[in-house]
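So that you can see what the record holds, here are the features copied from TrEMBL:
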{"type": "TRANSMEM", "residues": "33-53", "note": "transmembrane segment"}
{"type": "TRANSMEM", "residues": "73-94", "note": "transmembrane segment"}
{"type": "TRANSMEM", "residues": "100-118", "note": "transmembrane segment"}
{"type": "TRANSMEM", "residues": "139-162", "note": "transmembrane segment"}
{"type": "TRANSMEM", "residues": "225-246", "note": "transmembrane segment"}
{"type": "TRANSMEM", "residues": "255-273", "note": "transmembrane segment"}
{"type": "TRANSMEM", "residues": "293-312", "note": "transmembrane segment"}
{"type": "TRANSMEM", "residues": "324-341", "note": "transmembrane segment"}
{"type": "TRANSMEM", "residues": "361-379", "note": "transmembrane segment"}
Amino acid sequence: LSLIIMVFVNYGGGKYWFFKHESWNGITVADLVFPWFVFIMGTSTALSVNSLLRKGLSRLKLFRKVFWRSLQLFLIGVFIINPNYCLGPLSWGTLRIPGVLQRIAFSYLVVAVLEIMFAQRKTESISMDVNFASLQEFVFCWPSWICIIIVETIWLCLTFLLPVPGCPLGYLGPGGIGDFGQYPNCTGGAAGYIDRWFLGENHIYQNPSSHVLYQSTVPYDPEGILGSLNSVVMTFLGLQAGKILIHYKDLHMQIMAKFLMWGLFLGILSAVLTRCSKDKGFIPVNKNLWSLSYITTLSCFAFVALMIIYYLVDVKRCWSGIPFFYTGMNSILVYVGHEVLHNYFPFQWRMSDGQSHAEHLTQNLLATTIWVFIAYLLYRKNIFWKI
């Protein structure tokens, strides 16, 4: 589901505002899909690592497998779907290093390594008579939770305590004419500063969403280093959903209650962090920063959405997951393919009226449908591209 929406959004989303990324604080439909993708990646990581350990695969071989897969994802992101191709041939001087697949690679590597290190080879199922409010399934992975708490603490300390030249401490604004133009070169605060210092201005994204509305002039990368720490945290929350499915296997009411409990907890945490406002909270919801409230809010939505899908597919069995099932079986191929072939027919063509929502919507829906059909054909032919 998240992959299909991601393809539709990347193709233009019919040029509707709610299918475009928010300029700074706040969320739209477009801001849901990337975090949902890393969330469900964490869920599948829990299921796959648990399965491989039960089959007797050594942890060392699993480490090698995870590292090689992460490296491939990172290299595909840097050299194959790098947006700087739009500016001409890639050169080392202007090569963008961060990106969507790069962040996915990093998040997967960290969370998968934690799971391999601390997961038990023999999974203990939780009996039906255990109260659903029990946290027994998390007792087994307490070292991983300590690591994740440390990761989030690092994000909070760097975000709010790192001195940034010419900017107020803990600045979370867009720079430019935002905040009455007081901090024009402070876009992203510590997050932007770390990327520009560590990677260099020429190696990060040059046209962030804040450029148009806030007229910011400094480069800023929404997939930068600091936000990747919170991407790890969100992936780990998805991994907890996978652990719930493993430990409460076939106990449908307990599984749904757990999902709902997590969604409620994260929703309350988001309300506290944001004060239920767009701009006036302690930590606003912000996709560009991948702020703490952003991942708690989107994880809340993810747990609730997963509970609904679980009820429809696994409990009531009134839906098989089609057509989303097909694209999920070839997710890397669909994502890379739609990025590489973005500007080619039949995915895009010259429109008679470039301002028409109807023409944009038709083009973008057709392009997305074609990728679903391609995934369906590959599934029927038993062809799966895995790395």
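Numbering starts at 1 and runs along the chain as displayed.
The backbone N, Cα and C atoms fix where each Cβ goes, glycine too.
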Beyond the flanks of the transmembrane segment (33-53) by 6 or more, those residues with Cβ under 8 Å of it: 1-3, 5-6, 9, 59, 62, 100, 103-104, 107-108, 111-112, 115-116, 119-121, 123, 231, 234-243, 245-246, 287, 290, 294-295, 298-299, 301-302, 305-306
Positions whose Cβ lies under 8 angstroms from the transmembrane segment (324-341), at least six residues beyond its ends: 1, 3-4, 6-7, 10-11, 73, 76, 80-81, 101, 347, 367, 371-372, 374-376, 378-379, 383-387
Beyond the flanks of the transmembrane segment (225-246) by at least 6 residues, Cβ under 8 Å: 35, 38-47, 50, 98, 103, 106-108, 110-111, 114-115, 123, 137-138, 141, 144, 148, 151-152, 154-155, 158-159, 190-191, 194-195, 198-199, 255, 258-259, 262, 266, 288-292, 294-295, 298-299, 302-303, 306
Spatial neighbours of the transmembrane segment (293-312) far in sequence, C-beta under 8 Å, 6+ residues away: 1, 27, 31-32, 35-36, 39-40, 43, 230-231, 233-234, 237-238, 241, 252, 255-256, 259-260, 262-264, 266-267, 269-270, 273-274, 281-287, 318-319, 321
Same-chain residues near the transmembrane segment (139-162), Cβ under 8 Å, at least 6 residues beyond its ends: 110, 114-115, 117-120, 124, 169-170, 172, 189-191, 193-194, 226, 229-230, 232-233, 236, 243, 289, 292
